[in-house]
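As written in TrEMBL, here are the features:
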- A:ASP147, A:HIS228: Mn(2+) 1 binding site (BINDING)
- A:227-231, A:339-340, A:371-374, A:395-398: GMP binding site (BINDING)
- A:HIS257, A:HIS339: Mn(2+) 2 binding site (BINDING)
- A:HIS395: active site, GMP-histidine intermediate (ACT_SITE)
Amino acid sequence: MENRINGDDLLAAGYKQGRILGEALKAAAALQHLSREEALALLLKVKDYPENFLDDEKLEALATAMIEEMNKPADTTIALVTEKKEYAVYGKEYIEEGAGKQMAVAMQLPVTAAGALMPDAHQGYGLPIGGVLATRNAVIPYGVGVDIGCRMALSVFDIPADAFYANEAKYKRELIAHTKFGAGAGFHGQYKADHGVLDSDTFNITPFIKQLHDKAASQLGSSGGGNHFVEWGIIEFEERDEALNIEKGKYLALLSHSGSRGMGATIAGYYTRLAKDLCRLPKEAANLAWLDMDSEAGQEYWLAMNLAGDYASACHEVIHRKLTAAIGARVLAKVENHHNFAWKEIWNGEEVIVHRKGATPAGKDVMGIIPGSMTAPGFLVRGLGNEAAINSASHGAGRQMSRTKAIEQISKKDMQAVLKENGVTLIGAGLDEAPMAYKDINQVMGAQQELVKVVAKFEPKIVRMADDGSRED
DNA sequence: ATGTCC
């Protein structure tokens, strides 16, 4: 006679869905010699005291599974918030779909307070490039990005545009003499630079950070690869700027874009791994793993991130110091800003951690630099403090073509024609950095008029980037 | 972005 016990009976008896229920159903089927009531009573006993049935031929598998289940560590995956939180988007028509999807996932983190997407946004690891995320008491290493502290620095010189045009060869020579590009590139021996950042106490907080010191010392003042550059250009102020104390006019300027080199990348990789171990998230959010700001790991990352930021700043300072001395100029104004970083800020009346991953800080009257491309203008801007945008703006024009697509579709001839047309001299760079690979900076600026006000326009003239596939030392 | 695994 069959006992006809089904899954519902077992669920009602308190068995859990999944592997255990499957084992219990198999056990029930093996208990056909018993009546329904007898079998259910027995299965209840197995559920409550599995250790008593480990030697029972018919119930051993179920009892073993139950004991294993009881000793399995609890599922530590942190659930995403299901309710959809709104976030501000600027220049939606210029933003690729993948970036919006990534931002939507970031908005579902339980630590998220607010988010915003800038008009140059595109897909990245975890948080999109051009994404801004404010969190409560949590820092996300991939919300900052791999190149921690990556930034722009601009020096405006007391040299009129005409004096530059009269002697371009000299400026080209000094640019080559005093900058270093390429993966792994650094300075050695007597060419090594020095800066107070190398004496920072933060290098001593952990053995992991300490071992980064030597490479940091040799890479100080170098620029790296990818979209990093150092360039001479002409900056135009259409009217006198009171805060900068600069008269209307066209001046020679130096603009640099680079980050924290191998040091920042190593810190980013190490703490991302640690965050992923400590903060398990569903697959689609795995790269958004965070560190609690009150935890040891969170505090370590915060210090290391700030060190990498100071280091990136020091690299620009060395570059600008060397080139300023080489041309014998006086600096009228200097502006710089990180665009891959996290800050403690007040947003909507509460303290939050604002992650800007490829986004320019644009708090009220905060100055920033938004570059275009090697031929398109860059802009010196003043923030408008737009709260919906979490006091941010784009960090450039943003790519229109992937690196691969640019290399496939753009010819050297096309690139040379654009450079010539714009009167730009280029040292290094591959087709993946061609102007056509980037969006129209004027459209991008148009999409963020509520975020920043343009103060001056910068036209690149002599641009240096890493050579194609560069590995030089 | 990064000697593309600390």
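Residue numbering: from 1, along the chain as shown.
A Cβ is built for glycine as well, from the same backbone N, Cα and C atoms used for every other residue.
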Quiz item: Rounded to a whole number, how many Å is the Cα of A:HIS257 (Mn(2+) 2 binding site) away from the Cα of A:HIS228 (Mn(2+) 1 binding site)?
Solution: 5
Practice problem: Pop the Cα-Cα gap between A:HIS339 (Mn(2+) 2 binding site) and A:GLY398 (GMP binding site) into the table, whole Å please. | Solution: 13
Quiz prompt | Top Cα neighbour of A:HIS395 (active site, GMP-histidine intermediate) in the set of binding-site residues A:ASN227, A:PHE229, A:GLU231, A:GLY372, A:MET374 | solution = A:GLY372
Exercise. Tell me, if you would, which residue among A:ASN227, A:ASN340 (binding-site residues) has the fewest other CB atoms within 10 Å in the structure shown?
Key: A:ASN227
Self-check item: Cα distance (Å, whole number) from A:ASP147 (Mn(2+) 1 binding site) to A:MET374 (GMP binding site)
Solution: 21
